[in-house]
Every structure is written in structure tokens, then in C-alpha cells.
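Participant: Quick one: the structure is below, and I'll ask about it shortly.
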Amino acid sequence: MNWRAVIDVVLLVSLCTVKALPRSYRDTEGKISIGQRFSQLQEKNFKAIALVLFAQYVQGETFSKVAAMAEAVTGLAERCAAAAARDDPRCLQPLDRIFLDTICQEDELPAFAACCAGKDPERNSCFLALKNSSQGLVSTFTRPDAEAACKDYSQHQHLFTGQFIYEVSRRHPFLYAPTILSVALRYEEVLKNCCGSTGGAARSPEDCFRRQAPAVLRPLKEDGLRQEHTCGILEKFGERTLKALKLAQISQKFPKADFVTVTKLVLDVANAHKACCHGDTLACMSHREEILHYVCSNQQTLSSKIQQCCEQPLLDRSQCIIHAENDDRPAGLSPHIREFIEDKGVCDQFAREKDTHLARFLYEYSRRHPEFSAQMLLRIGKGYEELLKECCQSGAADACRSRGEEKLKKHIHETQSVMRTSCDIYKEKGDYYFQNELLMSFTKKMPQLTSAELIKFTKQMTAVGSKCCQLSPDKLLPCAEENLDLVLGEICRRHLVDPINPGVCHCCSSSYSFRRPCLGKLEVDEHYVPLSLTPDLFPFNEELCTTDEEKLQHKKQEMLINLIKYRPQLTQKQLTSVTVAFTAMRERCCGDKERGMCFAQEGPELIKRSEKLLSA
């Protein structure tokens, strides 16, 4: 089976075609048959989606078995599309039932025996639960060795794209299917460029891969991370928080859209995320494509910035719209919303329809302030809610609400000040020394994390500085806080797997919108028992003489982390003194003919001197 040909036309599928997928395929029994859906999607698209879906459901099975199931269900769909078979009972079953029947009819799938013994819809829920519990079942997808990939591609070109789809899908059971298909086609282009028989690429396929593959594979990591992040918010903080976040983001993106339209989009987007986070592949695709269809069909009332996105191939449309600029604010839109503070009927409205009133406030405030992050807008919305709760119960509501406005201005100033200060430090110190500042701070807050984890998370935060600190003031806050939110979300998900400490627990659990300021205010973990001073805590050896600057910086950062875990109360002045002494020792020993002997003598002496410095 030539899987490259199977998905070649997926990039050209129109919205109208994919819109043929029902809003919730579980609710469509007797309405849209598998034959109709085959006719709407055509064989190549149907088979590609089937391969993704089966690989995401039965992650532990071989490619040949998964491909055979995709072939079988596509064959059934093709037969059902023929006029003579349209009344066949099998052809009238819902698509999810047909997919699960196909899995359950397979021999040697004992892991699914309990699910297959159940009846729908419980059977479907059982399969989704297995998918949820199988995170980490398969090792993370990594770029294969270039030489091996080129050999495999030349020998099995007709199977390569299908194999790639299978490998990625089983490792990302919740990832949006069109993202996987898009990356698969682009990855094959990399293979063509790097494994060719002529040109410079053929002489050095590894260099070619190193240059081209990361950009092609990046969407797998980034989309997967964003989806995990959103699902984490939904699971931890609930649907109300997710809807509030999407309300702020959509109001900023489409400031000309009226409240009813934005509310409709918020509900649709929240429902899409619920399906995607639950692992409902077909429902997830259906929801997302319907949203795209609605947005692109209503550009006139939504945004003037998305026309080019809506003209792109389907698989590129979603990401293009997400990353498109916010539309211009309507002319004459005042930056203030005085009516929510000064109107005499505010307390009555709040009492009658609390959620609608708060949603309208968040909508009006968000569409006026594209320079704020969505998280900050949620904090403002929460502050407004607390203000009304307090003021509407007091006898002096007007004066009370005025005090709340002052608190709001103070919070906005503090948030902007924190981001500006961080960027000033980043611009002054550069990547490496800025990351070291973060390492000092986060090792004190979260000493339970491993050195590798601390270096990874602070490197991601440093990348946020590199990305956002160069932007204009009106773009800085949304860029910085929303990208930091992804990193902090990853830390909090790590905490769920293996609890870090009570302070982190509180910040990760109490409030989504206040998570960043809460973690920022954490100081030294008072419950942490410092490391004991052992000979291997600070390994001084010839590896410190490496000329590879990246490796040397990594070793220094590992030592910095261990130093803080050994002395959590370490001050900047003490660190500077120890660093000067370490640098002098390193230069001395790396210039010595007997480097190993020098480090063996000088290392223990440095530790003794450092202990005195740290005890002073």
C-alpha cells in the first residue's frame, strides 16, 4: 500500500468536505452512514484518518496489524458507498461502533478484551480510558539516525509515510490528526532533500537532517505541549476556567465581534477541547473543522486579519488563525468601561445573572486591551467579581467600587513592572547568565527537582525572554506571560506525577490565573533538608577543561544547582566569592601538565575555603 499516495490529497481537502464529519459522531446513528462519509471524504482521506485513529487506539500493536484494520474499515466504507449496499445493516451503524468492532474482531488483542465485552457507549468510554492511562506506554518519538532513515526510505518508500504516521500517532494518542498528516508529508520532503543521489545533501545527510528536520517536527512537540496544557487546565480547574480563558483570547482576537458571537465561539471551542482531551479523535476533528468553517465563512464580522489563513490548505488553517494578529479595535471604542463600575444597576445585574454579567465584563475588557495577557485579564475578571461580592453587600457601594478600581491599577502596574524588570535583566546578562539567575531562584523554590529538570525548565523560560523581550511594549506582556504559562503548566503537571513541595502544590492547585504570580513569590522551601557534603557532590576533574563551551556551561550549572541544594540560603555575594575561587582553580588546573593531579589536590581545598565563605 502506497501510504504517500493515500494522504497526498489531504492537504487539498476543502472545509466543506471535512465539515461532513458530524458534530458528535456518537449522536448520529441513522443520520450519516459510513458510506456517505466515505463519499464525502474520498478513499485516500478516509484511509489516512483511519490509520491515525487505529494507531491512537491500539498503541501497542504492530504497524502491519494497524494498517490492516485501516484497510478493512476503508474497504467496508467503500462497499457501503455503493448504491446496492446502502441498506446493509452494517453500513447503517455509527462510525465509532464500526471502528471499535473492527478492533474487537481482531485476534491476539487481550488488552482490550474487557472493553470489547461491554456495550456502547460504555465500550467507547472504556477504550478512551485505556488511551488516557497509556500515556508513556510507548517511548517518545525521536528523529532517527539520518543514514538509517535514508536506507529505510530507499528500500520501503511505498510504506514509509504510513509507518511514520503510525509511529507518531501511537506516541501521541491525543494529537490532532491533521497535524500528524501534515508533518508526515513535510517529513517525507526532508527525506527527499537529504537522501537524494546528487548534490551536497547526499554527501552529508546528517547535516541536512540537522538543518531541516527540527522545523518540520516542531509542530508535534509544540501542538502536543499546547494540547496537554489546555487539557491540564480543563482537568485541574474545570470547564468554567477554560471557557473564561477562551473568552478572553477570542475577544482579543476578534474585537469587532459582538458578545453573542464570541460566546458561541467560546462554547464551540470548549466543546472541541473536551472531545480532544477525552481522546475522541473523530469528534475532536469534527468540532475543530466546524469552528474553522464558521470563522472563515464569517470573516466580515469577525476579523480582517484572517483572509490569507482561510485561503491556505486545510491543515495549515488552524495554526495560521491561532497565530494571526488580533484584529484592529473598532473605531471609537473607549478604553474604559465605566458602566461596569458606575452604573447604579450593577449589583442587581450581578445578583440576577452573575455568570453572564461577569462574562460580558471580561469580553468588554479583553477586546479593549490586546496589550494584556489572557491570564492577566482573568485576574482582572476575578478581581471584579470579588469587588462586586464585597461592595454589593456593603452600604456604600459607590465608594467601595472606587477603591477596587485603584487595586486594579496597582495590579496592572505591578505585572507590567515585573515583566519589564525581567527583560532588563535578560538584556543585560544574556541567555547563559539570565538562566543562572533563574536556576538560583527555582532551585531554592523547588530543590526536589532534578538538575536535568531545573536546567530544562529554566532554559525554556530563558527562551521566552529571547522571544518576547525584543517586542514592543504592547506585545511584551501577552507574549511573555502566555509562553511562561506553558512552562509553568509543565512544572505543575510534573508535580501531579511526583509532588514537589507544599508551596508548589498550593500555587498549582489554587488558581489558574494566579499561578504565575504565586510561583513567582515562592522563596526558599523551608521544609527541604539540604544535601550532605559528599566527595561526589562537586566532581572537579579534567572534564572542566573542555573547549566545548556548551558542555562547560552545563557542568557549571549542575554545580550551581548542587551548591544551592547544599546551601539553600546562599546569597548572591557568597555565590560571587565561590565563583571567583572556582574560576581561579579551574584556570590553574587546566593550565597544569598534570590536570588530574591538580584537581585532586585543589578541589578539596576549594571546598574547605568555600565552606568558610558560606558560613561567614
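Keep in mind that glycine also has a Cβ here, set from the backbone N, Cα and C atoms.
Heads up, here are the entries from TrEMBL:
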- 1-20: signal peptide (SIGNAL)
- 23-217: domain 'Albumin' (DOMAIN)
- CYS80-CYS91: disulfide bond (DISULFID)
- CYS104-CYS116: disulfide bond (DISULFID)
- CYS150-CYS195: disulfide bond (DISULFID)
- 218-410: domain 'Albumin' (DOMAIN)
- HIS278, ASP280: Zn(2+) binding site (BINDING)
- ASP280: Ca(2+) binding site (BINDING)
- CYS296-CYS310: disulfide bond (DISULFID)
- CYS309-CYS320: disulfide bond (DISULFID)
- CYS347-CYS392: disulfide bond (DISULFID)
- CYS391-CYS400: disulfide bond (DISULFID)
- 411-608: domain 'Albumin' (DOMAIN)
- CYS423-CYS469: disulfide bond (DISULFID)
- CYS468-CYS479: disulfide bond (DISULFID)
- CYS492-CYS508: disulfide bond (DISULFID)
- CYS507-CYS518: disulfide bond (DISULFID)
- CYS545-CYS590: disulfide bond (DISULFID)
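Each of these features: where is it, how hidden is it, and who are its neighbours?
Facilitator: The Cβ of CYS91 (disulfide bond) lies under 8 Å from the Cβ of SER33, ILE34, GLY35, LEU76, ARG79, CYS80, ALA85, each of which sits 6+ residues away along the same chain.
Counting every protein chain shown, the number of other Cβ atoms lying within 10 Å of the Cβ of CYS150 (disulfide bond) is 21.
All chains included, 21 other C-beta atoms sit within 10 angstroms of the C-beta of ASP280 (Zn(2+) binding site).
Note: CYS310 (disulfide bond) has non-local neighbours VAL295, CYS296, GLN299, ARG317, ILE321, i.e. same-chain residues 6+ apart with C-beta under 8 A of its own C-beta.
Neighbours of CYS392 (disulfide bond), defined as other CB atoms within 10 A of its CB across all chains, total 15.
For CYS391 (disulfide bond), other Cβ atoms within 10 Å of its Cβ number 22.
Cβ contacts within 10 Å of CYS469 (disulfide bond), excluding its own Cβ and spanning all protein chains shown: 19.
For CYS479 (disulfide bond), the number of other Cβ atoms no farther than 10 Å from its own Cβ, over all displayed protein chains, is 17.
The local packing around CYS508 (disulfide bond), expressed as other Cβ atoms within 10 Å of its Cβ over all shown chains, amounts to 24.
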Participant: If I take the alpha carbons of CYS545 (disulfide bond) and CYS469 (disulfide bond), what is the distance between them in whole Å?
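Facilitator: Roughly 34 Å, rounded to the nearest whole number.
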Participant: Out of CYS150, CYS320, CYS392, CYS469, CYS492, the disulfide-bonded residues in the record, which is closest to CYS507 (disulfide bond) when you go by Cα distance?
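Facilitator: Result: the closest of the disulfide-bonded residues to CYS507 (disulfide bond) is CYS492.
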Participant: Of CYS195, HIS278, CYS468, CYS492, CYS508, which is closest to CYS392 (disulfide bond) if I measure between C-alpha atoms? They're all recorded positions.
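Facilitator: Checked the recorded positions CYS195, HIS278, CYS468, CYS492, CYS508; minimum Cα distance to CYS392 (disulfide bond) goes to CYS508.
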Participant: Taking the Cβ of CYS400 (disulfide bond) as the centre, how many other Cβ atoms fall within a 10 Å radius?
Facilitator: 16
Participant: From the disulfide-bonded residues CYS320, CYS347, CYS391, CYS400, pick the residue whose C-alpha lies nearest to the C-alpha of CYS469 (disulfide bond).
Facilitator: CYS320
Participant: Which has the fewest other CB atoms in a 10 Å radius around its CB: CYS468, CYS518, the listed disulfide-bonded residues?
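Facilitator: With the disulfide-bonded residues CYS468, CYS518, fewest surrounding Cβ atoms within 10 Å: CYS518.
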